[in-house]
Amino acid sequence: MMLAGAVIEEKRDYVTLSLPALQHSSITSSITTSITPSRSWRRRWNQLPRLQRVVLLMLGVAGIVALTYVITNHAEPSAPPAASHSADHVDSYLTPPPLLPHPPDNLPEKEKEAVENEVFAKKDEGMREGRDQIVPPPGLPQKRTTRQEAIVAAMKHAWKGYKTYAWGHDHLKPISRTRNDWLRLGLTLIDALDTLWIMDLKEEFSEAREWVSTQLHFNLNQDVNLFETTIRVLGGLLSTYHLTKEQVFLDKAVDLGDRLIAGFNSGSGVPFADVNLYSRRASKPKWGPDSSTSEVTTIQLEFRDLSRITGNPIYEEKVNFVSEHIHKLPKTEGLVPIFINAQTGQWRSHSTITLGARGDSYYEYLLKQWIQTGRTKDYLRDDFNESVSGMEHLLAARTEPSNLLFFGELHGGSKNFVNKMDELTCYLPGTLALGVHYGMPKHHMTLAEQLMYTCTLTWLRQPTNLAPEITYFNTQPTGTNEDFFVKNNDAHYLLRPETIESLWYMYHLTGNKTYQDWGWQMFQGIETYCRVENGYTSIGNVRSTVDTKPKDKMESFFLGETLKYLYLLFMEDQSTFSIDKWVFNSEAHPLPIYSH
């Protein structure tokens, strides 16, 4: 919903200064004019009044400290200026930054594991501190960097358009100056709550809180998607409660949770896709008989957190049952089909296996549940590791001519390999890096680095510097000499955050500023081709800077995820939202880590 495992230890530089003998300075001569010049410097020193000697010593120490500071500190290079729409600016600041060394052709040999283990050996000791307790909300953000200021300006622009033309509705249509409703729950406003708080936008947060307090009601005769409502609305309310400790957000979360729990009233305990908030009746989705695997397995963090806050075990019991049930079902080397029947609790066996849509966050939440519960539910960790092994064996492939790593899909009953990868799959580098930080096999970091490189290129090799929804990869030599291509129906960019999410994890864990540079370049693409007068719009064609085909919709996750992860990516103090204290749900809402 970063290379992780590596523990970054503070480096300290030591400077040894070889100082010459004290010279007769103009300062000391003015002080010691009454002293006979033929006397030794030590005798002169001893004859000085005590106060003068103290002053001189202080001046000397200050001089040494200043000299050491100059030698050991180097000024940060200034960030590029904020985005501009001029063609000259685009050409200047969309030049690809220096890339990481090209990924190696082969994955590391097992012998490398032993060497890498030395680097990670001391990690676990320091990670334990602060993890087993609910952490207090972080303080207000420190001084923003230049790039963070640009992200805040984008957030304000998006919020202004939403407030003016879509207040209280799910989505803004910024070009037509209207709104779109899907769940009728004010999705954009709820998704943006913790982003506003993290960015310290007090006025905007205050008006959003007032709406939640007085206008947000769940007694609606409305079918809502259990998964989307959980990760966006329930997750957003819980996260904001943890950050602010304001009771109104918890009260709303409990009311919503009590309605959504009806989704688990199926024959198997695996939840239905849809729930009516008024009647509290659940049903299969209108498009088919089954639930999506990712949807039934990506609600656990939120319901578990609700139980831990309230002391009511029912929410956690429901989602624990689902996780344990999925654990017992047969899998393909840890990989799962993307559809499951809520009544029978069984897979739709001939359905696709993918790390993209309808499958993606199952793998993400295996790891994050294990982390959330203090690394005590080992079957979740084991299932995660098995799934990554399955990814390597069955889904990993390389492109021609550049040997880029990507993860394809297995389709149909015969599970034929298809060389396509969703932008949604680009959450995976961050998840793999997070896993290595928590002790998963070290070579997962190599997978993370290589896939991060590929995902970044799906953005930066487009003329708009924006990624398409789906990319196809060439695994055989072609006349175009291109590693990948985009079909007409897949060329849209929906303001998605997944690649930027992974960039934050990678930077958070490594400190490698190349990841910031890549993210900054992507933001320039968003500013140039998605920003409109009254907000930001998704576009239909990332392959043209002239005919982008604006779609007139600003998704709620643009405020909840994309801008939040960009802001975190450019934050100087990465400890504020440390992954040793917080686990981010699939909609980028931070929740605390528990001890069990």
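Any Cβ shown, glycine's included, is placed from N, Cα and C.
Please treat TrEMBL annotations as automatic predictions, because they have not gone through curation.
Noted from TrEMBL: C455 is disulfide-bonded to C426, selected from C426, C530. C455 (disulfide bond) has a Cβ environment of 29 other Cβ atoms inside 10 Å. Cβ packing within 10 Å was compared across the active-site residues E228, D360, E469, E498, and the lowest neighbour count falls to E228.
Annotated pair C426 (disulfide bond) and D360 (active site), C-alpha to C-alpha distance, rounded: 9 Å. With the fewest other Cβ atoms inside 10 Å of its Cβ, the least crowded of the recorded positions C426, S586 in this structure is S586. Put simply, S586 is the one of the recorded positions D360, C455, E469, E498, S586 whose Cα lies nearest to the Cα of E228 (active site, proton donor). Checked against C455 (disulfide bond) by C-alpha proximity, the recorded positions D360, E469, E498, S586 yield E498 as the nearest.
Between the CA atoms of S586 (Ca(2+) binding site) and E498 (active site) there is a gap of 10 Å. Comparing E498 (active site) with E469 (active site, proton donor), their Cα atoms are 11 Å apart once rounded.
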